[in-house]
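Trainee: So Swiss-Prot says this about it:
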SIGNAL    1-29  signal peptide
ACT_SITE  ASP95  active site, nucleophile
CARBOHYD  ASN178  N-linked glycosylation site
CARBOHYD  ASN375  N-linked glycosylation site
CARBOHYD  ASN384  N-linked glycosylation site
ACT_SITE  HIS426  active site
CARBOHYD  ASN452  N-linked glycosylation site
ACT_SITE  ASP477  active site
ACT_SITE  GLU486  active site
Amino acid sequence: MALLSAPVRRRRSRVRVLLVCCCLLLALAAPSAAAAAAGHDYGDALAKSILFFEGQRSGRLPAAGQRAAWRGDSAVSDGGAAGVDLEGGYYDAGDNVKFGFPMAFTATMLAWGVVEFGDAMPPAERAHAADAVRWATDYLLKTISHPGVIFIQVGDPTKDHGCWERPEDMDTARTVYNISAARPGSDVAGETAAALAAASMVFRDDDPAYAARLLAGARSAFEFADEHKGAYSDDPELRAGGCPFYCDFDGYQDELLWGAAWLRRASKEGTYLDYIQNNGKTLGAEDSTNEFGWDNKHAGINVLVSKEFIDGEVLSLQSYKEFADGFICTLIPESSSPHITYTPGGMIYKPGGSNMQHVTSISFLLLTYAKYLSNSSRTVNCGNVSVGPATLQQLARKQADYILGDNPMKMSYMVGYGDRYPQRIHHRGSSLPSIKSHPQRIACNDGTPYYNSSSPNPNPLIGAVVGGPGEDDVYEDDRADFRKSEPTTYINAPLVGVLAYLVGNPDPGQGHVRH
């Protein structure tokens with residue numbers, strides 16, 4: 001049914017040269033007096049951004065500690081169609097499918113946020129964040145536990161998106177998809193390696209045995225990715241299952257570098273440094289892009305790898321610092337470089353829908369790169385202007401504040417934060433009566449009246465950040481408009497790190513651009 005159509009995933013957009021009006025420059029240069037006076041409760045937003053993941057859980061829920069109490073067990077037999085155990089993990093968005101590619105990216109970004117900014121989190125929230133990482137990595141370890149294959153998806157998205165039903169009720173096919181030597185998927189395998197390696201750093205101190213298991217899994221997944229090169233969506237069967245939702249539009253090469261970069265960061269082993277140095281040009285490290293997300297990792301690779309050069313540890317990685325600088329310059333309106341689009345209200349904008357994924361992921365890179373630069377007193381030269389860490393921090397803060405309510409709509413785009421936020425998000429479990437209050441089954445088509453209802457969702461998915469407004473800063477609270485009203489795990493995952501930074505640095509101060 002058209003009205004129940006699945007989210008149309010985002011194609012890569014190219015950098016465009018745009019003129020930014022003076023009012024936008026002023027908006028980015030300093031917060032408004034009202035915003036500065038009011039401020040935001042970053043601690044509350046952080047807690048809720050992590051809580052969101054408990055509403056996305058698949059599988060048997062914990063007997064104690066499940067705070068999204070309106071959810072119940074679901075998909076407990078996942079993997080049965082292939083004779084394996086694939087219970088667990090996360091539903092990617094407002095549907096009931098487990099897509100391995102974006103789930104692994106979600107885990108990577110959650111882990112990276114804890115690695116970089118976990119010290120700024122209150123202890124309870126750091127523990128919740130680690131739990132969110134573990135829920136994903138426990139599942140990812142299952143996907144790589146059978147020799148010769150990696151399982152990359154559970155659920156038939158076409159059939160799933162034809163129904164509006166709770167995950168606890170779903171009866172659509174739980175088709176299992178895998179990659180192998182015969183049908184490679186370096187993209188998913190490489191991202192899985194990155195996720196497991198990054199997560200190993202989260203648990204290194206508190207659970208070294210689990211951390212070692214994660215790192216071993218990361219090595220195995222990376223070896224698979226590098227030995228069997230190819231994009232999973234090039235295979236007709238896998239393409240039918242994953243596309244148009246999560247096709248690999250940008251190729252698998254970036255995920256190979258991304259996986260190697262995270263294995264280098266986590267293990268410090270020279271093997272992975274050699275891989276990065278020897279294969280960077282071949283695998284497109286110098287690709288110029290101002291995008292970072294589940295499909296395109298180039299900007300993230302350059303920021304991550306540049307750390308060793310910035311810290312003075314590996315001077316041969318200078319080119320990655322140069323590439324990272326180039327990415328940063330595309331975000332600075334005053335720069336003469338071709339740069340990203342900002343809405344009149346100051347939001348980073350890229351066409352295609354679910355725009356907040358770009359806002360949160362780019363904001364995370366801004367803060368992470370600012371941290372690296374600050375540690376070595378470096379700046380970024382953008383030709384006609386020079387920018388320092390404070391400018392990057394202020395720009396990221398503006399984006400976070402936009403999400404939390406400093407925007408033309410005067411509303412928060414995080415469910416449960418502030419006085420005004422989305423009430424009708426595109427999310428099956430949130431929009432249907434809870435299994436706890438309505439234990440009777442709600443079948444596939446029986447959920448349609450709830451989809452069409454103008455009433456607020458009965459189960460607020462606290463912490464969910466929706467796709468957000470378009471280039472005109474306008475947001476209609478419309479469940480049917482999935483491009484704007486649907487939350488995803490990969491919107492929230494980078495935001496956790498952003499908010500953690502802001503908890504520790506509630507007022508980053510004014511950034512100054514030197515001409």
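Using the three backbone atoms N, Cα and C, a Cβ is placed for every residue, glycine included.
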Trainee: Going by Cα-Cα distance, which of the active-site residues (ASP95, HIS426, ASP477, GLU486) sits nearest to ASN452 (N-linked glycosylation site)?
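Mentor: Nearest listed residue in space: HIS426.
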Trainee: Might you list, by sequence position, any residue in that chain lying six or more from ASP477 (active site) with a Cβ less than 8 Å away from its Cβ?
Mentor: PRO422, GLN423, ARG424, SER485
Trainee: Rounded to the nearest Å, what's the C-alpha distance separating HIS426 (active site) and ASN384 (N-linked glycosylation site)? Just drop the number here, would you?
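Mentor: Given the Cα positions, HIS426 (active site) is 44 Å from ASN384 (N-linked glycosylation site).
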Trainee: 10 Å Cβ neighbour count around ASN178 (N-linked glycosylation site)?
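Mentor: Within a 10 Å radius of the Cβ of ASN178 (N-linked glycosylation site) lie 21 other Cβ atoms.
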Trainee: Compile a sequence-ordered list of residues in the same chain as ASN375 (N-linked glycosylation site), six or more apart from it, whose Cβ lies below 8 A from its Cβ; state 'none' when nothing qualifies.
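Mentor: Listed in sequence order: ILE310, ASP311.
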Trainee: Compute the C-alpha separation of ASN384 (N-linked glycosylation site) from GLU486 (active site), stating it in Å without decimals.
Mentor: 40
Trainee: Using the alpha carbons only, what distance in Å do you get between ASN178 (N-linked glycosylation site) and the residue listed as 'active site, nucleophile' once rounded?
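Mentor: Distance between the two Cα atoms comes out at 20 Å.
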